[in-house]
Amino acid sequence: EPIRVLVTGAAGQIAYSLLYSIAKGDVFGKEQPLVLVLLDITPMMTVLEGVVMELQDCALPLLREVIPTDKEEVAFKDLDIAILVGSMPRREGMERKDLLKANVKIFKSQGAALDKYAKKTVKVVVVGNPANTNCLIASKSAPSIPKENFSCLTRLDHNRAKSQIALKLGVTANDVKNVIIWGNHSSTQYPDVNHAKVNVKGKEVGVYEAIKDDSWLKGDFILTVQQRGAAVIKARKLSSAMSAAKAICDHVRDIWFGTPAGEFVSMGVISDGNSYSVPEDLLYSFPVVIKDKTWKFVEGLPINDFSREKMDLTAKELTEEKETAVEFLSSA
């Protein structure tokens, strides 16, 4: 039975890197046929036609149908999974507040469309920035879909943190596990390696023990991960697309198939019922494990004072963002 997968912002550059991986079976497995639904705004429909032609020309056996559309009632119908990539990008001279206002409108509308047309079991992944708050707004606008079905992408930050540790130690990214991204997908996020492990010459050791450079781990490492997106834009004159698409694939595959034994991943999820003193009703990135398409918080990790301060700081930013967004929500 084919599954229905929606990608929004489908004519954009992240989607261009993402669609091939999904359609060839990298995300839902090599046996799972799918229908790809591609949503974008009306002025992008000619570009989207080109994307559809290319997907057809890939001659992929799993891809049963491609549906390009600019209509929400077509896009959100009977979905199994929705990957919400499209959002209003931040333009020069734009305050974060302006960005929030424009996006509240988009994600309120898409949340309502999910509520009305999608399956109640739909899994929703928000990529478009500000991702955490956009995800919260979408969830609040879809009251009949469980809050736990909504997540936002902090896997790119998670992958960035893994790779910085791997580069520093001269190992592969696969040798590093259990890094954590706490909080917002913004420059206040906290990449935490206090609980991370690395395989060095066949032996698993803690990252702090392996690197033996606390000032780097508490300084440059955190800054590099926090500001990596800006560094890519500065160099490429465009935002991260290839790495974002890879992170989306990782995130969705883990939702679908679960996390490997003994490993956890970072994901923006609803904070209700967490044991880390993060305020309720925030879409905050936590370490999670996933089984049977259901995530659970990783419980009981000791939090030192340094971490506590960083975790509170990003929670404060998310609380302020939420308050601004909720204000706009009532008038949107």
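Cβ atoms are placed via backbone N, Cα and C, with glycine included.
The feature domain 'Lactate/malate dehydrogenase N-terminal' is assigned by TrEMBL to 4-150. Across the domain 'Lactate/malate dehydrogenase N-terminal' (4-150), the model assigns an average pLDDT of 96.
Counting only same-chain residues six or more apart in sequence, the Cβ atoms lying under 8 angstroms from the Cβ of G128 (NAD(+) binding site) belong to T8, G9, L84, V85, G86, S87, M88, N103, I106, F107, N134. The NAD(+) binding site annotation in TrEMBL covers D40, N103, V127, G128, N129.
Other C-beta atoms found within 10 angstroms of the C-beta of N129 (NAD(+) binding site) number 21, with every protein chain shown included. Positions annotated as substrate binding site by TrEMBL: R90, R96, N129, R160.
Marked as domain 'Lactate/malate dehydrogenase C-terminal' by TrEMBL: 154-328.
As annotated by TrEMBL, active site, proton acceptor applies to H185.
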Close in space, distant in sequence - V127 (NAD(+) binding site), Cβ under 8 Å, 6 or more apart: I14, I83, L84, V85, S87, C152, L153, A244, I248
Rounded Cα-Cα span from H185 (active site, proton acceptor) to R96 (substrate binding site), Å: 13
Diameter of the NAD(+) binding set by C-alpha atoms, the set being D40, N103, V127, G128, N129, in angstrom: 16
Largest CA-to-CA spread of substrate binders R90, R96, N129, R160, angstrom: 24
Cα-Cα distance linking D40 (NAD(+) binding site) and R160 (substrate binding site), given in Å to the nearest integer: 29
Cα separation, R90 (substrate binding site) to D40 (NAD(+) binding site) (Å, whole number): 18
Distance [Cα-Cα, Å, rounded] between N129 (NAD(+) binding site) and R90 (substrate binding site): 9
